[in-house]
Amino acid sequence: MPVEVKSSQSSGGDVRPGERDQALNLVLGQIERNFGKGSIMRLGDASRMRVETISTGALTLDLALGGGYPKGRVVEVYGPESSGKTTLTLHAIAEVQRRGGVAAFVDAEHALDPVYAASLGVDIENLLVSQPDTGEMALEIVDQLVRSAAVDIVVVDSVAALTPRAEIEGEMGDLAVGSQARLMSQAMRKITGNIGKSGCTVIFLNQLRLKIGVTYGNPETTTGGNALKFYASVRLDIRRIQTLKRGTEEYGIRAKVKVAKNKVAPPFRIAEFDILFGRGISTLGCLLDLAEETGVVTRKGAWYSYEGDNIGQGRDNTIGWLEQNPEAKDTIETLVRQKLTEGSEVTSNSMRPLAAAARSAATKSAAKGSEVQADVKTKGAA
């Protein structure tokens, strides 16, 4: 006769819901005792998991990023030369200092201009600046600043200038294949966890290089290997698309920023703004672009009007009017923000109301459908 064997059931199957909750609380308490408070938590109960942001200085870019640079995350800003990378980060430093925060600038390129930084609103007297000799020294300084939890933002300018010690101590022309990529990979593994715990935002500026032998696709790539691409929560691709001129005099550039990666908001949005030589990002220019798109300010020909009154002929004159009328500027900004909170999306340099976009799409769809029906009837009659 066959012998009946009783299968032993796992203890988890016989545990009641109340006992499961008790066991979970016990193990959570044990983990916190072993590894410290905050080592494990429920996502809904963790206030520090709610991502706060730092303004970029450009309202259009803030909207494209979902509020600004996320705190406690790694950000990479890359682009060609003279596209506005350093200017963008100096504005972020100024915003942090304006809120009473502490900022640090790791100048690996040894190219920081204090006079220009001060003109953008940076408090250079209280700005922490380091000009390291090697890439290892620079990244170790970043790690110690982050672990102190006393610094709100650290900017590294740039990844391409983080030269490994072995390359500096070697002879000119010696091959050091992959040394910078290995350095960045090790550094990102080490500092990313500390960045999240301290709430410090670390912005890496990066340069572009061309891949050799690429026939199809984009030949551009960033320096320092692939580690930074993976660890960065936000990656911004900034380009100069236009040179601003008054007659023959050049006074600024028009910059276009594409959000190539975003882990805290929808990616692939695009923002445009003006960067004025010696003054930085034109905040009033950003406001005027958004006010026009949201309908707060209207334009007929070259004239801009607000509440039915003409306020300026041409974009530059209208921006000048906003500078001379701060109360009206504040009112327009409030109205623009109210429009944006009602529901809108970033389209290139400004915003487009979702409802209007939906109506436009529906109208086009209906028109296309009627054309198809008319075509079918015509063919049937023939």
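Cβ from N, Cα, C; glycine included.
Annotation note: Thr86 (ATP binding site) sits in a helical segment as assigned by DSSP. The ATP binding site annotation in Swiss-Prot covers Gly79, Pro80, Glu81, Ser82, Ser83, Gly84, Lys85, Thr86.
For 362-382, the entry in Swiss-Prot reads region 'Disordered'.
Within the same chain, residues at least 6 positions away in sequence whose Cβ sits under 8 Å from that of Thr86 (ATP binding site) are Leu112, Asp157, Leu205.
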